[in-house]
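**Student:** To start, I am sharing the structure in question, which I have written as structure tokens.
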Amino acid sequence: MNTPEHSQLGKASAYADQYDASLLFPIPRADKRAEIGIDGNAPFFGADLWTAFELSWLNLRGKPQVAIAHITVPCETPHIVESKSFKLYLNSFNNTRFGDASEVQARLRADISEAVWRGAPHPATVGVKLIAPELFDQEPVHELDGLSLDRLDVECTRYQPAPDLLTATFNEAPVTETLTSNLLKSNCLVTGQPDWGSVQISYSGPQINQEGLLQYLVSFRNHNEFHEQCVERIFMDLWTRCKPIKLKVYARYTRRGGLDINPWRTSHPQTMPKNVRTARQ
């Protein structure tokens, strides 16, 4: 079984100059999900929205081509792809010749799908969209919509996940609201390098205490876990402690190595958010 410790994270790595799909390093989701009480099917839907800003290859005449890639990985895949391995994989395209962008897109879709669905009884595919340079100026920047929790003047003293900070008002009428924060920070599971993010929480149900929610989000500050795992932990803590009727958690993390990862989890099927970067991304 692949584990994060066996990946290229935190290690000196050689950069392949020719296409090599074997560089992709899938890591099972199940182990970390078991830590937060998920055994078997997860109680949410969603996806991990990746943006690759450093994608380049050669055309058949050897001229470099560039594109931005939007990649959608369903959360029901049995694996995630470790991000440094994904960067190394993308770099292996740099000196490889392809007929056109559609050939690159098809190769990305096939390779990533194989990695994240590996061993699944009914494998499916990931979504891959390439943005050509002439469309770069149509890539928007927009902050997450919602009421900012960061306006609250709270005292913060806990910097490891503290779900006991989450409370809700169960004896009053349910509410529907969307709350945001730019204060999410966690650390890479293996290297301890800081990961900076913004988070949006939309729910219907007993009203969640906003001060406690902000303190809870801040409590991830010294926590070592991958982006996808942090968002699922937030979802499960809110789901079990605040008992919403509906819940959506969506985080957008700043890029590293030319990649950003933006996990989205929802209790009910709904339209996937557009992969639109924030100013910090």
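Glycine residues also receive a Cβ, built from the backbone N, Cα and C atoms like all the rest.
According to Swiss-Prot, the record shows the following:
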type	residues	note
ACT_SITE	Cys188	active site, thioimide intermediate
ACT_SITE	Asp195	active site, proton donor
BINDING	Val81, Glu82, Ser83, His227, Glu228	substrate binding site
BINDING	Ser83, Lys84, Arg256, Gly257	NADPH binding site
**Student:** Drop a 10 Å sphere on every Cβ of the binding-site residues Lys84, His227, Arg256 and tell me which sphere holds the fewest other Cβ atoms.
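**Tutor:** Sparsest of the binding-site residues Lys84, His227, Arg256 by Cβ contacts within 10 Å: Arg256.
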**Student:** Could you state the CA-to-CA distance between Val81 (substrate binding site) and Gly257 (NADPH binding site) to the nearest Å?
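**Tutor:** Here the two Cα atoms lie 14 Å apart.
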**Student:** Given a 10 Å Cβ-Cβ cut-off, pick out the one of the recorded positions Val81, Cys188 that has the most other Cβ atoms nearby.
**Tutor:** Val81
**Student:** Below 8 Å Cβ to Cβ and six or more residues apart, same chain only. Which residues does that give for Glu228 (substrate binding site)?
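**Tutor:** Once residues fewer than 6 apart are set aside, Glu228 (substrate binding site) is near Arg29, Asp48, Cys75, Ile80, Ile261, Pro263.
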**Student:** According to DSSP, does Arg256 (NADPH binding site) fall in a helix, a strand, or coil?
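**Tutor:** Once the DSSP labels are grouped into three classes, Arg256 (NADPH binding site) ends up as strand.
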**Student:** What is the nearest of the binding-site residues Lys84, His227, Arg256 to Cys188 (active site, thioimide intermediate), using the Cα of each?
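**Tutor:** Comparing Cα positions, the closest of these binding-site residues turns out to be His227.
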**Student:** In the same chain, outside Ser83, Lys84, Arg256, Gly257, whose C-beta lies within 8 angstroms of the Cβ mean position for the NADPH site?
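**Tutor:** Apart from the listed residues, the neighbours are Phe86, Lys87, Gly258, Leu259.
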**Student:** Hey, how far is Lys84 (NADPH binding site) from His227 (substrate binding site), Cα to Cα, in Å?
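**Tutor:** Rounded to the nearest whole number, the Cα-Cα distance is 13 Å.
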**Student:** Around His227 (substrate binding site), which of the listed recorded positions (Asp195, Arg256, Gly257) come within 10 Å, judging by Cα atoms?
**Tutor:** Asp195
**Student:** Between the Cα atoms of Gly257 (NADPH binding site) and Glu82 (substrate binding site), what distance do you get, rounded to the nearest Å?
**Tutor:** 12
**Student:** What's the CA-CA gap between Glu82 (substrate binding site) and the residue listed as 'active site, proton donor' in angstrom, rounded?
**Tutor:** 14
